[in-house]
Amino acid sequence: MSKIVKVIGREIIDSRGNPTVEAEVHLEGGFVGMAAAPSGASTGSREALELRDGDKSRFLGKGVTKAVGAVNGPIAQAIVGKDAKDQAGIDKIMIDLDGTENKSNFGANAILAVSLANAKAAAASKGMPLYEHIAELNGTPGKFSMPVPMMNIINGGEHADNNVDIQEFMIQPVGASSVKEAIRMGSEVFHHLAKVLKGKGMNTAVGDEGGYAPNLGSNAEALAVIAEAVKAAGYELGKDITLAMDCAASEFYKDGKYVLAGEGNKAFTSEEFTHFLEDLTKQYPIVSIEDGLDESDWDGFAYQTKVLGDKIQLVGDDLFVTNTKILKEGIEKGIANSILIKFNQIGSLTETLAAIKMAKDAGYTAVISHRSGETEDATIADLAVGTAAGQIKTGSMSRSDRVAKYNQLIRIEEALGEKAPYNGRREIKGQA
């Protein structure tokens, strides 16, 4: 009953108004899975390729009809008749047929959409929720946890049109007893932050991920206004709520220096920027820093890991691009201590699960993440619970493309109850 009978690809629109690929996988017995590929703004150079048409007369060149054509053509022909429950087999067929290292033939957006739709169809045929099916694919049946959210409430960098260099300033409601309570705490801080910003005469328009995007005097001022909002919401910073940052440092790395517009165009060496971040962690309870240096600055990362790695979580995003080959090298060289997991960086569910497993086996944490270009697809919520990853990054408390994932987590927690504990601070590297 889990034989694939039909595969459909289509072009839909993401949260930035750009096209993306949606796929449907139909099985015998009428079971259907549907999924859409997300899309990033600040991307690592070694990510799997997102195939765009390049036809400037359509969607400013961002159309995905070639990728959709791959879904409806060669991919469909290759997997119709196969067993959807064999996720690794389905993914391997698509990857082998594409034949390139970075999935540039069909596009990672085509392969991923089909990979996720296939998993959803297989889960439906087994009569189980997606998170339960993912736990089985992961070799950890029945093992679940609810992730601690990293809520991006101030957006800068490539996600906003402001003068803030650091791309994301996040809160983590570590003192909550459930994901539902964590989401409530995040929502309350988010609304108090609007009041704080308005009180200072600042803009409360939101960026790509639903966080506010004000012009601030410095990067540290973003932390200061968040601290004010946490207090106004009645929470204790450092106890109830901790802070996290995504520097996306590759975006302000120029000619071997880190140039910060928000600090008066000051240029830092790798070591100086690491100490700039270290100073911030002394002023505020920052427990996680992502991409604290450029993706190619491995010597700098080794130094940063030496200085900060035993105190806080250092997450590699552009650094590792959800790629087991690169992650393996990072583990061997002692670079960072956590990986950001974005399944469109690698392009299939099977490879995503392999990256999570490799990280956990090495004592690294794995943070499941959205992209800045999203849809209503909430698969990452199921992925976080089904792999018991422990942390999720899916934006702020506004925009339906972000909130869809939080709402799915609320539903899953309700269904699983005590089978899926919310472990709070213990999930974050260096905070147990």
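Sequential numbering from 1, following the chain as shown.
Cβ coordinates are placed from backbone N, Cα and C, and glycine is handled just like the others.
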Listed in Swiss-Prot for the (2R)-2-phosphoglycerate site shared with Q167, K342, R371, S372, one of K143, K325, K393: K393
D246, D317 bind Mg(2+) per Swiss-Prot; candidate in E209, E278, E290, E351 listed for that same site: E290
Cβ atoms near Q167 ((2R)-2-phosphoglycerate binding site) (within 10 Å, other residues, all chains): 28
Recorded positions compared (K342, K393) - highest count of Cβ atoms within 10 Å: K393
Cα-Cα distance linking E290 (Mg(2+) binding site) and R371 ((2R)-2-phosphoglycerate binding site), given in Å to the nearest integer: 14
E290 (Mg(2+) binding site): secondary structure state under DSSP, collapsed to three categories: strand
Other C-beta atoms that fall within 10 angstroms of the C-beta of D317 (Mg(2+) binding site): 29
Distance [Cα-Cα, Å, rounded] between Q167 ((2R)-2-phosphoglycerate binding site) and D246 (Mg(2+) binding site): 6
